Amino acid sequence: MAYTKEQLLARLQELNVDFSCYDHPVVLTVEEQAKYVGHLGGALSKNLLLKDKKHRLYIVSALSATKVDMKILSQRLGLGKGGLRMAPEESLLEVLHVPLGCVTPFALINESASAVSLLLDQGFKSKQSCYFHPLTNDVTIALSSNNLDKFLMSIGRQPAYVDLEASPVVGKDSPPDLADLVPSGVPNSSEPIKNVTPTNVPRQNDVPKEKTSLPEVKAKPKVQNKGAEKTQSKIPSNGTNVEKFVNDVFDIMCPLFLSEVSKKLNIKQEELSSILDGFKEQATPDLESVTTSLKNAAYTAGFEAGSETMLNSGLKGRPSRNPRGGHIHENGPHLTIVCSLFRPSPPPPPFPRRAWLLPPAAAADDGTW
């Protein structure tokens, strides 16, 4: 069961956590929140839920003024430059059990978020009080970093405060400094997915025969995946890697979009980056699908053009035997034309596989076609 705001506040009181609670209308951004609590002297926080390519989740909680470069943070975690992106809204609902605009370190109280990593801005330690949402964005609670630590340790979390604006060099001689904060596993799925999983598990455990069949089914995709990985590793050399093409498109468009929009709307690029990451998350599957369709159409057009060229050149007077090993010979009422793409070979038996059948009138007297 997911915790509610009331249950969380009751838990904080049980732990003797010193905090203040402020009610206000629903807010979705730090700017809106500042209108109601910004004058109270506490430090506003911005909280992001990120995921890597292996679907591991991270909550990054920082002061509103802290500039977080996701590419640098991704490198510091050992995930490469493009290893982090905004998590989809489904992850908020299924793992953290909070709606959009309510990401908060307090969401880690839910058991489903046990595998989510938390990175805290070290700037929180210098503030007397910091503002967070208690699982809902119509309330703000103010507490010190020490009291936040008390809550985190009560749920088995060791607080990790990080300089999120640092940009250390990552290389062979200097390994990623935040690699220890990468979660070891993927978070539990949502409650609906949990309901689906148990229905399959008992069947596997109750019927011994299904145990022997299931591994075989799983083994086949693994072999195919290995083959797919091998082919994908060769694809970038000829420029037909769809995923790489889509990433290159975004790498070209995103900086231009950020610079132009930030100038015209007078908005900081850091504030737009989270919106842009969400757009990329939603647009990537569609763009990859369109690109794949275009690539397949190009392959088809090339194949048809090559086939037509081969047929037309043969009909203009090529001999029955050529360096590529083409043959024309008569079989009963039809002429059988057999093409070999590698080397000359003796005429095949009557009605061979992969043959074009033409009436005798279609061939010239000298045996050409």
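The backbone N, Cα and C atoms fix where each Cβ goes, and this holds for glycine too.
As recorded in TrEMBL:
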DOMAIN    24-151  domain 'YbaK/aminoacyl-tRNA synthetase-associated'
REGION    173-215  region 'Disordered'
COMPBIAS  186-203  compositional bias 'Polar residues'
COMPBIAS  206-215  compositional bias 'Basic and acidic residues'
REGION    310-329  region 'Disordered'
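Across the domain 'YbaK/aminoacyl-tRNA synthetase-associated' (24-151), the DSSP tally of helix, strand and coil residues reads 46 helix, 32 strand, 50 coil. Summarising model confidence by region, the domain 'YbaK/aminoacyl-tRNA synthetase-associated' (24-151) averages a pLDDT of 95.
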